[in-house]
Amino acid sequence: RLYQIPFGMPNCEDEAEARTLYLVGDFSAPAEFFVTLGVFSFLYSMAALVLYLRFHSLYTENTKLPFADFCVTVCFAFFWLVAAAAWGKGLSDVKAATRPSTLISAMGVCQGDGVVCSAGTTPAMGLANISVVR
């Protein structure tokens with residue numbers, strides 16, 4: 001939800017009022033899908049573990065239960081792949097929206113003649129990149 005993040009623009013002139021730039025974009029849906037699927041996968045894993053350990057005889061005697069377990073596991077694996085791809089795309093969109101060159105081009109104070117704007121630092125995205133690899 002980048003639109004909720006204010007970004008204070010520097011005053012290049014002696015103006016009384018400060019200018020604020022709001023970033024553009026809402027990339028929260030892929031992240032929420034990724035986290036929700038992770039929570040549901042964890043809960044299903046715990047329930048399956050209880051089923052395997054506590055009710056082992058029920059699991060081995062019933063032929064439909066292992067097949068249902070297999071089908072649910074395949075569905076979770078497919079959705080995990082989809083969620084990881086969606087989160088990767090969402091992260092690349094966040095990186096594009098917060099790139100220093102993009103922010104500088106969105107600032108009106110940097111568009112004047114003879115004005116040179118440069119970014120101080122580049123944001124560190126290492127941990128975010130690792131979250132996509134997992």
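Cβ coordinates are placed from backbone N, Cα and C, and glycine is handled just like the others.
Per TrEMBL, domain 'MARVEL' is recorded for 1-134. Across the domain 'MARVEL' (1-134), DSSP assigns 88 helix, 6 strand, 40 coil.
A Cβ distance under 8 Å defines the sequence-distant neighbours of the transmembrane segment (33-55), meaning residues of its chain 6+ beyond its ends; these are 65, 69, 72, 76, 79-80, 83-84, 86-87. Positions annotated as transmembrane segment by TrEMBL: 33-55 (among others).
Annotated transmembrane segment per TrEMBL: 67-87 (among others), in sequence order.
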